[in-house]
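Trainee: This is the structure I want to talk about, given as structure tokens.
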Amino acid sequence: MPIELVVPTLETGCFFGLIALALFMVKESAALFNFAVGGLAVVGGMASSAITVGHGLPLPLGVLAAVAFGVALGLCIEVLVVAPLVKPGGGEDHHVVMALVAGLFALQQMAGVAFGKSALPGATWMKGDVLDVGKFVVSAQALIEIAVTLGLFVAIGLLLRRTRLGRQFRSIGDNTQAATMLGMPVRRIRLLAFASSGLLAGLAGALFANRAGVAFTSALQFTLFGFLAFVIGGAANVWGPLAGGIGLAFLQALAIYYFGPAALTYVTFAVAALFFALRPEGIFVKRVRA
């Protein structure tokens, strides 16, 4: 792979990682896959682009709108879609899964109606190059994207490992039925999980929209790549989604470079099939003490 492709591929991996982290937050605390994350990212990205590029308003307003839409819609998904269907003991249920997939397509259509059917260009958070050595160029925008991604992963990692709230997240996700019997705030934690998932997805959409624009039709693709990043990285710790996202991005970049864009879909699904068949727990595996 040419050296000039390393940084753009790393940026793509960070985006996949953030979408996977949005999935991780709900899976860790509610034992559910929030398949609507792609729609939340699309709404966040298009809202931010419409405000900053479309109306020329300051960037912080666009970012705030993306986060606000993400959190609000994440809460709506929990209240309107998940809560009426989830079992008292928690866990995956095919009715909930189907409802979340339906929520993904509902958000996709909502984004198309609200912001238009055409792709919107994203705002650049910072212009200029930080490093330019031959063909190896690191733009300020790329540095911001990578730094924000790492900062979010560190923050979520500290939240889950060092705080009482984080311990509640993990305890409820491990055994929702037992947590309910012990009187833990299962519903409140689930609401917080969907809100944080929406925040991460909305922010990811706004942060990376400038790379290739964002279209309402991208929702399913975002969810798919985020889910594959989650599968590859595993759920053993918070860094699994980032490792999976970066790994998936480099595999896709290599496939396109050596075999052309037509190979992208085949390689992506081949990698997914291999992980599902040979290592379904992902790269990072939870250790269980005997």
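The first residue you see is number 1, and the count goes up from there.
Yeah, the Cβs are placed from backbone N, Cα and C, and that goes for glycine too.
Predicted automatically and left uncurated, TrEMBL annotations should be read as such.
Heads up, here are the entries from TrEMBL:
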- 6-24: transmembrane segment (TRANSMEM)
- 31-53: transmembrane segment (TRANSMEM)
- 59-83: transmembrane segment (TRANSMEM)
- 95-116: transmembrane segment (TRANSMEM)
- 136-160: transmembrane segment (TRANSMEM)
- 191-209: transmembrane segment (TRANSMEM)
- 215-235: transmembrane segment (TRANSMEM)
Trainee: Do the transmembrane segment (136-160) and the transmembrane segment (6-24) come close, with at least three CB pairs under 8 A (pairs 6 or more apart in sequence)?
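Mentor: Counting Cβ pairs under 8 Å, at least 3, so yes.
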Trainee: Would you kindly check 31-53, 59-83, 215-235 and say which stretch has the most C-beta pairs under 8 angstroms to the transmembrane segment (95-116)?
Mentor: 31-53
Trainee: So, do the transmembrane segment (59-83) and the transmembrane segment (6-24) meet, by the test of 3 or more Cβ pairs under 8 Å (sequence gap 6 or more)?
Mentor: no
